[in-house]
Every structure is written in C-alpha cells, then in structure tokens.
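Q: Below you'll find the structure I mean.
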Amino acid sequence: MRISRLHYITQDNIPGYTHAQLAEEACKGGADWVQLRVKGKGTSEWKKIAEETLAVCQKYNAKLIINDNVRIAKEIGADGVHLGNDDMHPEEAREKLGEKFIIGGTANTFFHLESKFRFADYIGLGPFRFTSTKEKLSPVLGAEGYKQILSSCKSSGIDIPIIAIGGIKEDDLDGIFQTGIYGVAIASIVNAAENKAAAMKNFIQRLEKVSLQ
C-alpha cells in the first residue's frame, strides 16, 4: 500500500467552494491524496459531501481519506479514514473496516504514536506550528520535536510513514525533511490561495525537489 508524501486536507467555510470543489482544484494541481475534513454536519449532509468528494477523487485517481468518520468512510467506499486523538482508536477502526481500508492515526507525542502504529498505515504527527484550522490544538512540536520523536521511533524499531502536519509552508520543507519525516499534510496554503490549483502545483514542485535531495 503506497502512502502519498503529500496529504491535502479540505476545510469548511472556504468562500465560494464546496469540499468537492476544493478537492477538484487540488487534484487539478496534482494532488493524489485528499483528506475530507467536515465539522458540525449531520450524517445525511456529511454523507452527501463525502459522496461528491469521492466522485472527484475517482475522476482524478486520487485517494479519499475521511477525517474522523469511520461509518461514512465504510458506507461510501472511501479509501480510508484518518482518526484524531479524540476519535476512535485505530485498533477499533481496523476491526470495523478490515485490512483493505487505509487507517491513519494522529500523534502529538511518542506515547501516542507507540500506542497506535501497529493498527495504522500511517501517523499524522503535529502540529509543526500553530494553525488556525484546528480548534483544539496540541502543543506545537517544531522541527526539534520531530527529531526527538523520530529518534525514539528508530531506537524502538517503529517503522511507519509519519506525516508532518500543522501550518506547514514551502519554506519549511527543507528543515522538516531533514528530521527524517516521510511526508507532509497541508490545508491553508492551498485553500487560502486565490488560484488553488496553481498553489498545489507549486507546492508539489518544491516538495519533489526537497524530498529527492
């Protein structure tokens, strides 16, 4: 199972754009991994948004990962689910979804990571810096925090793709990848851009240069 090195995350309340439209702009720019993050919606509306976004992802041959909602991920046939620290544990999600679904976990500490990695396909580790896209923000890690946690992983024999997340910008990529991180997740750098597809394309070009060094 290939885990992308770049995870794009949709957001609520982007003027003039639905989640599906945001996903389409990102995919036009080259995104191959979309995490659908929907907050404060009822089940029927949540499902409708997910189905619309899935259709876009299938059009562009991109993976669709549903944030927090195992039930909807299973019902619509998404590629996987991403679970926060306050959500269902990856072990329970694996029991419900089986082995074919991609399961991502969230960690802010080595303890979080150690408790989840056996049941997940990747771990989102963060936040790298302060970000306004999360209401309940865990302590900021920065590059030094990543180095320490990745060092603990290595000494403990933990080998799983780890995705940096939280306010990441293009200029951060060199320092982030020097920590040994596998990939990065982004939201605002694309969602807040006037030309979202171009912002995604530019980020991918910079990412490819850095990750290949």
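Every residue gets a Cβ built from N, Cα and C, even glycine.
Here's the feature list from TrEMBL:
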DOMAIN    7-188  domain 'Thiamine phosphate synthase/TenI'
BINDING   Gln35, Leu36, Arg37, Val38, Lys39, Asn67, Thr106, Lys134  4-amino-2-methyl-5-(diphosphooxymethyl)pyrimidine binding site
BINDING   Asp68, Asp87  Mg(2+) binding site
Q: Here the binding-site residues are Arg37, Lys39; which one has the lowest number of other Cβ atoms no more than 10 Å from its Cβ?
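A: Result for the binding-site residues Arg37, Lys39: minimum number of other Cβ atoms within 10 Å at Lys39.
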Q: Which residue, of the binding-site residues Gln35, Asn67, Thr106, has its CB surrounded by the fewest other CB atoms within 10 A?
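A: Comparing Cβ neighbour counts within 10 Å for the binding-site residues Gln35, Asn67, Thr106 gives Asn67.
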Q: How would DSSP class Arg37 (4-amino-2-methyl-5-(diphosphooxymethyl)pyrimidine binding site) in three states?
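A: For Arg37 (4-amino-2-methyl-5-(diphosphooxymethyl)pyrimidine binding site) - judged by DSSP and reduced to three states - the answer is coil.
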Q: Among the binding-site residues Leu36, Val38, which residue has its Cβ surrounded by the fewest other Cβ atoms within 10 Å?
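A: Looking at the binding-site residues Leu36, Val38, the Cβ with the fewest others within 10 Å is that of Val38.
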Q: Far apart in sequence but close in space: which same-chain residues, 6 or more away, have a Cβ under 8 Å from Asp68 (Mg(2+) binding site)?
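A: Expected: Arg37, Val81, His82, Leu83, Gly84, Asp87.
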